[in-house]
Amino acid sequence: MLIFVYGTLKRDGSNHHWMQGQKFVAEASTEPHYRLYELEGYPGMVSTSDGLSIQGEVWEVDAAGLHRLDLLEDTASGEYVRERLPMQPPFDTQHVEGYRYLLPIDGKKDLGDNWLIDRPF
């Protein structure tokens, strides 16, 4: 399965070790339907009417890797949902999933389209 990552799971990110054994495919961007918000040391991607094209990476992930990522992103509690994302070319015709943040963003800093790895946390 192809997974889009945009925060700490990216290469050189603090949670990149969760991607061990998985295959980096390419840098990529979503269609402009989302914004990133600063949470507590990591970003959350939120659907919004004034969305941007989120910058990140596409990875090929096996079933075991996908299970680990679902645990990390806490999909069971409803913090994030893993879903198919509309992507820009060349991934626009492929099934790419990613994690969208579901909790309230009131008071959270709007980061726009890119979460930089070298944030001071």
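Quick reminder: no glycine exception, Cβ is built from N, Cα and C everywhere.
What TrEMBL says about a protein is an automatic prediction, not a curated fact.
Predicted, not measured: the structure shown is a model, and the values here were computed from it.
Secondary structure at Glu73 (active site, proton acceptor), as computed by DSSP, is coil. The active site, proton acceptor annotation in TrEMBL covers Glu73.
For 3-104, the entry in TrEMBL reads domain 'Gamma-glutamylcyclotransferase AIG2-like'.
Taking a C-beta cut-off of under 8 Å and a sequence gap of six or more, Glu73 (active site, proton acceptor) has these contacts in its own chain: Glu79, Tyr80, Arg82, Tyr99.
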